[in-house]
Amino acid sequence: MYILTDSKTVLLLIFYSYKVYQVTPRSMEEADIVKQFENDDNFDFWSDLRAINASIDIMVTPAAQDEFETLLETYNIDNMILINNVEEVFEEEDNKQRISTRLASGEVSFTEFMRYDDELLAQAYPDIVTKEVLGRSFEGRDTALIRISSGGSNKTTIFVEATIHAREWIAPPVALYVIKQLVENPDYSYMYQDIDWVVIPVANPDGYEFSHTDTRLWRKTRTPGTVCYGTDANRNFDWNWRVIGASSWQCDSTYAGHVAFSEPETQNIRDYVLKYKDDIKLYVAIHSYGQWLLQPFKVYRVTPKSMNDVELLKQLEENVNYDFWSDVRALNRPVDIMVPPALQNEFENLVETHQIQSELFINDVEEVIQEESRRQRVSPRLTRGEVTFSEYMRYDDIVAYLVRLGQEYSNIITTEVVGRSFEGRDIYLVKISSGGSNKTTIFAEGTIHAREWIVPPVMLYIINQLVENGDNSYLYEDIDWAIIPVVNPDGYEFSHEDTRLWRKTRTPGTICYGTDGNRNFDYKWMVSGASNWQCHETYAGHIPFSEPETRAIQDYVLQHKDDIKLYLSVHSYGRWMLHPWGYTTEDADNVAELKELGDLFAAAIYDVNGTVYRVGSSAGLLGFAAGGSDDWGKGGADIDLAYTVELPDDSFILPVERIQPVVEESWEGFKALHDYIREKFVVNSTRTD
């Protein structure tokens, strides 16, 4: 019911006959079915949908229970009733709270859930404890911080914050118990001799008090919106803000705010942590519930030695919580898998149980990304219109360089917008030519996968060497070059601004964002090695060519297919020169020639730095992947010579000092491709047009 007061409308929720169901989806399809209720007001997800076979708890209103139970039964989704009547549980909790002895001011209790005012008084040791008011909540409550120290400054610090989610009542007692044991138990005095402790018992005091006085299951802050109150403060921090697992609708429990750090509560934490970040060596956020200690993402390198190993990893690949950096494609081929913290123990037990060869490849992905980001920040600012091979350029800088070349070298280079991305960015193609029409053409496209940052430098280096190095002018006398450096500008920018390892486009789906552009081409689409689940990394789209980015390639190539004699799709990583087919292990009709030209490319690169490329069909060497651009180039556009180039090294996160060696050796490989195409189609005059 609604009660109108002088200042605001308060929604009093009575949870009579509300039930909590524990649901365990066993497949991606079942997960999809459950996930559709996440934004429904009749359903309150107490735990997140994190993995297949992982249980989630959902509170359901009486009005929706029959429909929900029917759906679970219809699709045979595992479930059980965890709480039959939520209100009864809360009444029991409230009764125990009321009969508890009122705390004396300044005391701490671990037999009841303390109110916020009690916590502010829980200190009486000024020699080792200092209380600081970080800031104020939206409703004006002080956000208290407790510092425990033996004295001195600039000491190594452990930072702990709790109760950013209001309904997690167990968090304040845990935070206060840490304080109590450090301060009042002399056996633990050694723990603050060399280390300072900084603890925020209640980061969200408004929400915490509201959960005591009004709505027990209140989660968010109490900042008023235009429609609903509150922001999920644990979705409000400015790191990959609102990328995934957060809502833009202010009535959702995971509403991330209208901007990052919109809430005074999160601003308070930000300001303190940034001020003391050189001292803080451990950051701990206390939540409930689930018995999780969430650690950094790790990357494991796994090598299947039997078909059983391959099948097991392929099953694992269907779980969207595992990010397969390389595909499970063949025996004895290492597969790199990024594993979230919650699944690391399970994953390690799995490979140990099945005796699958495994090693830890990257211990902390975030640390590697941060180091990459730090190097980017310290690089000299690029002059607009210039190019660099000592850092990874942003898309606007790439475009500015291409536009400048078009203006300064208009006699040999033209820039063309061949399409627009979903978010409205122009997709640029550059054509390098000595003039004339209907000339033999080499077509190259890159960065269809956003996180493959080494691809744009290689594409730009090819353009740079052709246009700005006069010694290479012979390379476009008889042959035209058509190059799209960044096919997927939305994803590429998103990988810079938000999620470094983003792979797909940014087209929104009903549940998740993005389509794998390299599974979206209309040749043997969805036959193998692709997913029909939109949250999967290899989601092929709801139809072929659903993406404006892939349609841009389709339109240009089909318009010029009589001239294009070589189709190149540039990717990373792995050092592969792959030719069709990807959808089947059957040989292409011209497999001998494809292998011959691929070997020439690999040999030219080897002569530079000794880098070894392996040459062969995609499916034969690495396993099935249908809907790829090279398969479409050959099978859909009738271009006999089509390849996917997988650049070095061993990870998507390639240090900037590796850019120059990679672009230089790659250039030699591309020159070898040119020489073959020129010899076949120009010198030997085998063209049939």
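Cβ atoms here come from the backbone N, Cα and C positions, even for glycine.
Among the features that TrEMBL reports, active site, proton donor/acceptor is placed at Glu346, Glu646. According to TrEMBL, the domain 'Peptidase M14' annotation covers 106-368, 391-677.
For Glu346 (active site, proton donor/acceptor), the count of additional Cβ atoms within 10 Å of its Cβ stands at 12 [all protein chains shown].
In this model, the domain 'Peptidase M14' (391-677) carries an average pLDDT of 95. The Cβ of Glu646 (active site, proton donor/acceptor) has 21 neighbouring Cβ atoms from other residues within 10 Å, across all protein chains displayed.
Between the CA atoms of Glu346 (active site, proton donor/acceptor) and Glu646 (active site, proton donor/acceptor) there is a gap of 31 Å.
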